[in-house]
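Notes follow the structure.
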């Protein structure tokens, strides 16, 4: 469900509350800075009337001193306003990135499977970055425009009530009506542009990762055409945004010109009726003409808000998204794990039945082997043990249902190695260490030896400090798999879940890893999914899953 622009701004505004004192400072310095700039023009007009021989409340020397003071104050106040405003903006952007990452972590594993990486990349980088416009160039300008206009209306009313009425209509029209009207007109363009950019990121990232296949099957020309078409759509969407910005400027400049002419004619009429003197006429006209800065800033905000609100909506939608399976935070903690039991387990993805009436048990010191055809539900069973989903039936550890166990504690007690090991763009040492940040270097090396990857690492120029290219592209599938297994050994969890851990290994490396599993099995509960008969040979118990059932 799409949110109203004011609702989006309100939710974004609530994030500022911890920095409200700095925002107040920004607003105060902004108001004083604009008043300084405006009264520089007013005092200049008063100085001109003084030189022309018209009566004035201040002498020329006093006016000159005031102009110098205001000019210096304007520079200092403007600097302080911009500095504090941008401090808030970038502080909040950092906070938002942390919140988004935490939200993504909560949504993992299940909900992230349905999200495109390019869209997420666009959200974490471009969308959050665009919110700088809101925090640095929207909140304070709105407050500054309101307070400045209120003060100036008092000055206009002091000269003539008619001037105050004209100024009030001018400020409301330029600062409120036009931004609301133009933002509403072009809201959809901003949303469409952000979505197209996210889709382009997806497609481009997909093309880069699949460059080898694209060249192998001579698909480069088709990909280039598709990228060109997507680029043209983005250009067209951006052109529509710029066209809307042009309309906003036309409306704003027309309104400014209209109210300038109106106050001039009104002033001349009042002067001809002797309701005001010439100094009052000149000051009022100059004051209005020079006071549009804060409200024009609001009018121009609508240009940037077109994209900012769309970005804000995407970010807020992610932050508000709830995981399919909420984590258990007040559950029991596991200690001295002795047994895993699965009773009458059934599970379906949407309408597709995966597992049916599955029951098994595993005691400490044993290795359970699971084999079966692809798609039979072997990997799904491991995900259910990790409680990525809630099935029908019961899974218990030490007699405690998974639903009653603290989720973080449950996963701390499990080492889960998937078929595809993700390698981070860091050193090999850091990639293994992530499994246990408190581990010593000796423990990391020992884990690597158990995974039969130590000798390979030492053959590299920088050993364990060798940087791994993005997505581990500099490593073979077997090397990545062994790094994943090293992580499992380093994590040293009492439950080890291995999904095809030797599928990319030769017989020698497979034998070393299987022997390592045998060496540690006395203190572990190990579940091993594999197609290989040689891998199943080390298992104390082997079950076959066929069409979701044990056979």
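The backbone N, Cα and C atoms fix where each Cβ goes, glycine too.
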215-235, 278-298, 299-319 - the one TrEMBL records as transmembrane segment: 278-298
Distant-in-sequence neighbours of the transmembrane segment (278-298), which means Cβ under 8 A and at least six residues beyond its ends: 34, 37-38, 41-42, 44-46, 48-49, 54-56, 137, 141-142, 144-145, 148-149, 152, 155-156, 159-160, 163, 166-167, 170-171, 174-176, 179, 252, 256, 259-260, 263-264, 267-268, 270-271
Chain residues outside the transmembrane segment (133-153) and at least six past its termini with a C-beta under 8 angstroms from it: 9, 12-13, 16, 23, 26-27, 30-31, 34-35, 38, 81, 85-86, 88-89, 92-93, 164, 167-168, 171, 175, 287, 291, 294-295, 297-298, 301, 304-305, 307-308, 312
